[in-house]
Amino acid sequence: MDNAGSKKRCCESVQEFFTSPKFLIYLGHGLSTWGDRMWNFAVAVFLVGLYGNSLLLTAVYGLVVAGSVLLLGAIIGDWVDKNPRLKVAQTSLVVQNFSVILCGILLMVVFQFKEQIAELYNGWILTCCYILVISIANIANLASTAMAITIQRDWVVVVAGQDSSKLADMNATVRIIDQLTNILAPMLVGQIMSFGSNFIGCGFIAGWNLCSMCLEYGLLWKVYQKTPALALKAGKKEDDQELKQLNFPKELENGKGTVEGSQLMNEMAVVKADSPKKTSCCYQITEPLRTIRDGWVAYYNQSIFFAGMSLSFLYMTVLGFDCITTGYAYTQGLNGSVLSLLMGASAVSGICGTVAFTWVRKKCGLIRTGFISGVVQLSCLVLCVASVFAPGSPFDLSISPFQDIYSHLIGDSGNLPEADHPASMLNIDGLLVNGSTALPAEELPPLQSYLSVSLLFAGVIAARIGLWSFDLTVTQLIQENVIESERGVINGVQNSMNYLLDLLHFIMVILAPNPEAFGLLVILSVSFVAMGHIMYFRFAFKSLGRRLFLCCSPEQKAQALPDSPSSLPTTV
């Protein structure tokens, strides 16, 4: 009887877990992320294929996406704040998936009838198709941004309730799902496109998003039903109100206060009285500009401002597994097989960092976890700096880093000459694409030593442990310390800051694209990462240091030491 009872309880526990809001969020996020990763991987390849193996459309798409989120991040977040949670989630989901489906269908038509379309109106119809594809894909990305803010930055916080440990576990699980789908989803769609065609790949992605949208819609409704707190949105503002909240520190009395990251919560907010509703045309036209301004002002006045800025500075780096580092690796003699293994090792390292975050947070507290993660990341990146001066490194300051730019600007009869250096590359089917030249990676001359490139990727892979742990730390600090009525707009501005620094790192590569200058980019990248962690150290010192110095007695100081954060929210 006891065995039967224990089995019954076990089955009930398993059933309860698989029907819990937490698991339903994981499942919905997994479906959504899988579709996003497939689309993000495939759209770059599609655009390259559309324009005759040129990177022009891909570059334009990347610029449009980065610029859109940079400009509209605050507006998207403000829209998330001002509308009911279920409406925001469902609208973002439908817009995102329908945009991908529409874009997939349009791409299928272009791939199937490209020659016929190109002959219409001297190619203007084909150009319009390119513009439509990039525009619709950009709308899908903006909707994906709104969806990420809604689910990962708001719904997860509400489902976790006041339990900081549960919130940390949910954040870590969501990030592990991101890591796994980031590797597996491109592999799947890549195989479909390799054995089939771009036309089949477009059809598969469109079909996936249609089915996934229906499932995700139902999962959102289930989570909403099972979590009554989602129906309550504190601090909801009227449509005619402006976002003008300034955060003020709460004075600590008698050394008392709550613990963990939520101690920094801005519990007192003064909302400036709004003027009477204005209905003039000029007022309504300029409202988006005021929303952007107020969003950035609110972000600046947050107690976690320096923590958010520190995370943004980590985006100003070439030390990641993107097309830039991949292109450099090919110039150093690494083939696609080796790179795929390195990417797998990077994913495993990121998962280890995610798991380590939950353990270190329990032992040391949230703020100290960010400091430890930063030290780990910077320590690993020392290997990358060492690789610049190690044997086999192409680093050469005698060659101007702007040589490729000059060679393109100064050509015969004003024409753009072919580049001499295998830089600004994209890995497509094992080829190095450089302007109009495509060279197989195997044709590159062998290196005398692989020590430099080995140190580089050893540092990049090992640093992922500290990187992802730090990312989760800042994410949870924002979740716990931003008041609910500003949660969307603050995360929207945070996304804008991330895209801004990411955009700057691409500009940095454009200015110095040749392999001989890559070492300089590595040093600049590590410098920006170090500056980011210095900002976080300032935030952590103010948060932890005040608590220790405001305690009245040695006993209170001793009690304060194990607790991570200060109970005083700090403003900039």
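FYI, residue positions are counted from 1 along the chain as it appears here.
A Cβ is built for glycine as well, from the same backbone N, Cα and C atoms used for every other residue.
Remember, TrEMBL labels are computer predictions, not curated facts.
What TrEMBL lists as transmembrane segment is 38-54, 92-111, 123-143, 297-318, 338-359, 371-390, 449-467, 517-537.
Counting Cβ pairs closer than 8 Å to the transmembrane segment (371-390), the top stretch among 123-143, 297-318, 517-537 is 517-537. Between the transmembrane segment (517-537) and the transmembrane segment (338-359), the number of CB pairs under 8 angstroms, six or more residues apart, is fewer than three, so the stretches are not in contact.
Panel annotation: around the transmembrane segment (449-467), residues 314, 319-321, 325, 329, 332-334, 342, 345-346, 349-350, 352-353, 356, 373-388, 390-393, 522 of the same chain, lying at least six beyond its termini, place a Cβ under 8 Å from a Cβ of the stretch.
Beyond the transmembrane segment (338-359), the same-chain residues lying 6 or more positions past its ends with a Cβ under 8 Å from any Cβ of the stretch are 168-169, 172, 175-176, 179-180, 182-183, 321, 326, 329, 369, 373, 427, 457, 460-462, 464-469, 472-473.
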